[in-house]
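To start, the structure under review is shown below, and the notes come after it.
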Amino acid sequence: MTPMADSGDAALNTYRYLRGGMAALLLMLGAAVVAERLRSGCWQTSISAYYFTPAQGVFVGSLCALGALLIVYRGSSDTEDVLLNLAGTLAFIVAFVPTSRPVLACGDTVAPGAAGPAATVGTWAVVAALLAARLASWWLYRRTGTGQRRSTLGTLVTWVQRAVFTVGVVTLAVAPEWFVGHAHGIAAVVLFAAIIATVVQTAFVVGNQDDDRCPHRCRYRAVYRTIAATMAATLLAAVVLHFTVDGFNHAVLVVEAALIAAFGVYWVVQTVELWGTTTREALLAAGAAERSRTLRAL
């Protein structure tokens, strides 16, 4: 038996597993889609349509696990942390609330007409868990005096997150049928918008990292900018296609796959870049926060 690692090593390995785990979960989702394609003989017309196929278990499970990892992952700034919490919570909604039921191109249907009740039950379970977790964390921070003030942008994004959650819960309570019919698409768009904002912030922070600690920072900044631009373009294309094509179309599948792939690449690149550190704070150049008003606001 090897000696137990110190707390620093444990934290570092935890961050490595969290980053790598997100890429692995997206790979698992992609593998399920491909496996269903091989089994059924054709592609469905969107990633979300696989909720209604034998790949449903992997679809729901991978999104729930991804949501948990995003919530647990502590961002390098208050703003990033809140954005990841928002994205992680919405991943559960995308998982539990199915898209509007498509006409499957081929293969078996595994989700009967109970999708609506299942969606509301699942969402209320998420609300209950979030409320319990929030109350528990508030009490522990208050009891131990370990709470910290958020940055300017972190506070702003926190209020945006609270507004999104409040509107969602009120809609679920007073108009559950509308919620079931629209929550999947809205949650998916906001989820990816939050991730895109995170990638943009990452590109900015990388530009302020120390050259000695991060000798390839210019390359990484260019990569993150490219990922952010790719995700923004594919998200916009996905929204436009959903509003313009007649029903579901394989173009939607291609665009969604590209968007998810870019998301996966982001976590792969971060896993490689940050392999030797927990968060980016340790890589910042000396005095960077004092010189940059934007860094202080994050």
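Heads up, residue numbers simply count up from 1 along the chain you see.
Here the Cβ of each residue, glycine as well, is placed from N, Cα and C on the backbone.
Since we're looking at a predicted model, the values are computed, not measured.
What TrEMBL says about this one:
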TRANSMEM  17-35  transmembrane segment
TRANSMEM  55-73  transmembrane segment
TRANSMEM  82-101  transmembrane segment
TRANSMEM  121-141  transmembrane segment
TRANSMEM  153-174  transmembrane segment
TRANSMEM  186-206  transmembrane segment
TRANSMEM  227-245  transmembrane segment
TRANSMEM  251-269  transmembrane segment
Residues of the parent chain within Cβ reach of the transmembrane segment (82-101), under 8 Å, 6 or more residues beyond its termini: 46, 48-49, 51-52, 59-60, 63-64, 66-73, 75, 111, 115, 118-119, 122-123, 126, 130, 150, 154, 157-158, 160-161, 164-165, 168, 179-181, 183-185, 187-188, 190-192, 194-195, 197-198, 201
Range from 153-174, 227-245, 251-269 with most C-beta pairs under 8 A to the transmembrane segment (186-206): 227-245
Within-chain partners of the transmembrane segment (121-141) [C-beta distance under 8 Å, separation at least 6 from its ends]: 89, 92-93, 95-97, 147, 165, 169, 172, 179, 183
